[in-house]
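A.B. asks: Dropping the structure in here first, questions after.
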Amino acid sequence: MGDGDGPLNVRPASSPRRRFLLPCVLAGLALGGMMYRHHVHCRAHQERVNAMLEEAQCPVQPSGLRSAFSQWPSAGLSSSDKELYVQRLSKAIQLDTVSYDDMYETDPTQAPEDGGDPRWLVHERFNKWKEQEWPLVYTHMQVEYITKYSTILTLPGRDPTLPPVLLMSHQDTVPVQEATVDEWDQPPFSGIVTAPDARGRHWIYGRGALDCKSLLVSELNALERVIRERLERGEDVRGERTVVMSVGFDEEVMGIKGAGNNSLVLQERYGQDSFAFIIDEGSTGIENEYGLKVASLGLSEKGSLGAKIEVDVPGGHASKPPRHTGLGILSLLIAALEAHPNPHTLHSSSLYLRYLTCLAQHAPDMPSDLRKRILDPAQWPALADSLAESDELRAHIGTTMAANVARAGAKTNALPEHSEAIVDSRVGWDDTVADVQARYAVVMKEVAERLNVTLDAWGEKLVDGVEGRGRIHVDLSWPSAGREHAPITPSEGPVWELMAGVVRHVWGENVVVAPKGMIAGTDTNYMKPLSKNIFRFRAVPMDEGENVHTVNERVTDQALFGITQYVYELLVNLEGWRE
């Protein structure tokens, strides 16, 4: 080997300083990487929080809209108009139009002499009264009776290229329980108008005063007023765009014969997604919350699930009962369902959270700790738990369940062979009908297994019990008793601005218009194919109307005038409006 030859790539011996430096450099790089990742993670987390808060924001509040075409008197209605509108609602209440659950299975078009249910005939009398009471409406609008009693009224527009609008209401009511009649301050179908109270308000009493004959009467009043004003000005009674009114007669028993068939006619005539917007009754109206006047527009409504639970067991003499009678088993099933409530949630797209956000952003008297919880996404789960402690508030944040009807037995000393109950669930926005069915099946399966009783639920055998111990059968209470929640109407854009602007004109610029979900059902369920913009609104201050579906249902004359003005201002604001 020559000079310079020797071992290659031999590293010189490291000094102690260099041996210490390398780990320090590596540790520094690792720490820097951790800090960078932490920074990126924090930034991503903050972006997610900001996105959630942005989605939960209270909508922009437009200025109140008063159309140049509006002739609503600034000093209020004349005494003659006030008296007329009140007497119309009073008469509508006196014309009893109750729907009973068992009417769902009957054909309203079938005459009583041919085996039809005579209880439907009240709607023939009611429809004739409407024709006589609003002659301008029934003369100048096209009138169609669908399924014999439901009504479609059409005022064609001058410009057929503009999407029409749809006003909705229904003329049937729920029954009055016989045992509660004596609890009413005024007879439930009297339509009595009281003397003025301390605030000068007259109360109109009776079943349907709020749900929903006040809306029906007000829509007809508003249409009549618009037509009359155009005639007085020598104008064409038609506005720019077509206005349609749909009146159902069986909303309280699912509405399929009334609004359901009306919808089919309108879909065939106008097509899918053809209406600019739809308005109907709502479960929320104008409230005072923490020093804020807030009007809640129902942008969606819950779904529903009617479950019929049937228990069949051997009968016998009551002196030799089994450990659990059929009625006892039914009671255990219902108690188990009540002991396992459906989950509740709040998140950025929850309609109730958006309502709360409006309060947090605008209500001057809201406690600061509550305001902070509403505006902090990390607090939303705990806030939902707090809300769920209230029966009323829990209904806004999850699926509810109520056992409402039960039947069993025929005699005190005979064991009931057949027992049944109907459980009504209102399916929340984070659930589907299938979710709720599966949840209930799990709960009832545990009871059936414990009792060794056969269980069939939703078409599937879940428990094969001991022969002779009995059988539980669970299914829909009627064929259409399972429906999903409605799509959510947008809370931005021209339609929202029109609705909110009219509300703020009628009830004041200090009103905040907030999104909310409708926890009950309406006939709009059948109109979903017709529009993406469906508003469910009880246009009544909460202290001006009381006791829907219960004793002393009533509404004030001032509330009635407000509903009429709301519909009227919507109609006149359509002139020149574009969605």
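Quick reminder: no glycine exception, Cβ is built from N, Cα and C everywhere.
Curation plays no part in TrEMBL annotations; they are all automatic predictions.
Here the structure is a predicted model, which means the values were calculated and not measured.
According to TrEMBL, the feature Zn(2+) 2 binding site maps to His170, Asp211, Asp280. What TrEMBL lists as active site is Asp172. Per TrEMBL, Zn(2+) 1 binding site is recorded for Asp211, Glu252, His549. TrEMBL lists Glu251 with the feature active site, proton acceptor. Positions annotated as domain 'Peptidase M20 dimerisation' by TrEMBL: 300-449.
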A.B. asks: Report, in whole Å, the straight Cα-to-Cα distance of the residue listed as 'active site' from His549 (Zn(2+) 1 binding site).
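C.D. replies: A Cα-Cα distance of 12 Å.
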A.B. asks: Ranked by the number of other Cβ atoms within 10 Å of their own Cβ, which of the binding-site residues Asp211, Glu252, Asp280 ranks first?
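C.D. replies: That would be Asp280, with the most Cβ atoms nearby.
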A.B. asks: Can you tell me the CA-to-CA distance separating Glu251 (active site, proton acceptor) and Asp211 (Zn(2+) 2 binding site), as a whole number of Å?
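C.D. replies: Answer for this pair: 10 Å between alpha carbons.
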A.B. asks: Using the recorded Zn(2+) 1 site (Asp211, Glu252, His549) as reference, state which further residues of the same chain have their Cβ within 8 Å of the centre of those residues' Cβ atoms, listed in sequence order.
C.D. replies: Thr173, Val174, Gly208, Cys212, Val548
A.B. asks: Sequence order is fine: just name those recorded positions in His170, Asp172, Asp280 with a Cα within 10 angstroms of Glu252 (Zn(2+) 1 binding site).
C.D. replies: His170, Asp172
A.B. asks: Near His170 (Zn(2+) 2 binding site), which residues of its chain come within a Cβ-Cβ distance under 8 Å, counting only those 6 or more away in sequence?
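C.D. replies: In sequence order, the residues whose Cβ lies under 8 Å from that of His170 (Zn(2+) 2 binding site) (at least 6 apart) are Cys212, Leu216, Val247, Gly248, Phe249, Asp250, Glu251, Glu252, Gly255, Gly258, Ala259, Glu281, Asp523.
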A.B. asks: Compute the mean position of the Cβ atoms of His170, Asp211, Asp280, which form the recorded Zn(2+) 2 site, and then list in sequence order the other residues of that chain whose Cβ is within 8 Å of it.
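C.D. replies: Surrounding the site, in chain order, are Met168, Ser169, Cys212, Leu215, Leu216, Gly248, Glu251, Glu281, Thr522, Asp523.
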A.B. asks: Measuring Cα to Cα, how far is Asp280 (Zn(2+) 2 binding site) from Asp172 (active site) in Å?
C.D. replies: 14
A.B. asks: For the C-alpha pair, I'd like the distance in angstrom between Asp172 (active site) and Asp211 (Zn(2+) 2 binding site), rounded off.
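C.D. replies: With distance taken Cα to Cα, Asp211 (Zn(2+) 2 binding site) is 9 Å from Asp172 (active site).
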